[in-house]
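Per TrEMBL, the features are:
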- 6-28: transmembrane segment (TRANSMEM)
- 35-55: transmembrane segment (TRANSMEM)
- 104-122: transmembrane segment (TRANSMEM)
- 176-198: transmembrane segment (TRANSMEM)
- 210-230: transmembrane segment (TRANSMEM)
- 242-264: transmembrane segment (TRANSMEM)
- 285-303: transmembrane segment (TRANSMEM)
Amino acid sequence: MDDFSSISLLSLAMLVGCYVAGTIPLAVNFSEEKLKLVTVLGAGLLCGTALAVIIPEGVHALYEEVLEAGHHAHGQAEVSAPDQKAAESVVGSSHEHAHGHEELHAFIGVSLVMGFVFMLLVDQIGSSHIHSGDDPEAARAASSKITTTLGLVVHAAADGVALGAAASTSQTSVQLIVFVAIMLHKAPAAFGLVSFLMHAGLERNRIRKHLLVFALAAPVMSMITFLGLSQSSKEALSDVNATGVAMLFSAGTFLYVATVHVLPEVGGMGGHSHSAGGGKGLSKLEVLALVIGCLIPLVLSVGHHH
């Protein structure tokens with residue numbers, strides 16, 4: 001199966017899965033403890049995926065080109081050593097590669113930090129709308145509904161970028177790990193969004209519209225990212241591997257979503273934790289779920305490399 005059809009299938013599965021997960025609270029009542037456990041596992045998977053899969057893959061994608069070019073240059077040097085001009089050009093290119101290595105080091109840090117800061121800013125812009133001014137309670141409630149959906153849509157779009165970047169590495173295992181992590185994170189998020197909107201008292205039709213926008217964000221972004229990367233990294237952005245940069249950027253967003261958003265909310269430290277046992281922190285079972293979630297991508301990626 002080629003990359004495009006696999007990313008299309010994953011996007012479709014994500015759309016359907018997310019929408020279905022979101023309609024569950026409209027149909028049945030789910031126990032909050034179970035939902036919390038799934039969210040914790042999803043947070044663990046996000047952390048583990050960012051640290052054990054996306055960052056190494058992104059770094060590898062960045063360096064792949066330089067390393068291949070280096071091998072090519074050395075081969076060329078052995079063949080045409082008598083020819084002085086060719087040898088000189090090879091020496092020149094090896095200097096360029098050394099320079100390229102330094103540049104790539106910078107790219108790794110910059111991409112990660114940019115991803116993290118991007119999500120931080122989006123988050124702050126979102127929450128500042130909620131907490132702004134002395135507006136009446138009704139207006140604030142209305143804005144918080146929109147902002148909650150908007151914030152989640154942006155998160156979902158960032159997840160979509162991650163999946164698109166993973167798909168352009170053309171390694172199925174990476175695609176599947178990222179897909180599973182996103183689904184585990186998105187399904188409870190869709191669930192939580194709908195619960196929150198129901199709690200806020202929106203009509204069911206409005207809730208379905210909000211949910212549809214949220215469900216569409218990640219698949220659409222993953223397709224755009226995949227198509228954009230597969231075109232541009234082959235043509236325009238050949239100096240710096242765009243896939244690597246995008247993967248590191250998405251790793252930064254993943255880390256932000258997992259550590260700043262999902263974990264505090266789940267641990268009851270976040271201001272908007274609705275659970276009854278919110279103040280207690282994580283139970284032993286939840287900590288176990290979190291650790292297992294972190295380790296799963298690590299185990300899968302180690303198994304994949306050897």
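Backbone N, Cα and C define each Cβ position, glycine as well.
Those TrEMBL annotations? Automatic predictions, nothing curated.
Within its own chain, the transmembrane segment (6-28) has Cβ neighbours under 8 Å at 156, 160, 163-164, 167, 172, 175, 179, 182-183, 186-188, 190-191, 193-195, 198, 204, 207-208, 211-212, 214-216, 218-220, 222-223, 226, counting only residues six or more beyond its boundaries. Segment contact is absent for the transmembrane segment (176-198) and the transmembrane segment (104-122), given fewer than three CB pairs below 8 angstroms at sequence separation of 6 or more.
Outside the transmembrane segment (104-122), and at least 6 residues removed from its termini, the chain residues within Cβ reach (under 8 Å) are 55, 58-59, 62-63, 66, 151, 154-155, 158, 240, 244-246, 248-257, 260.
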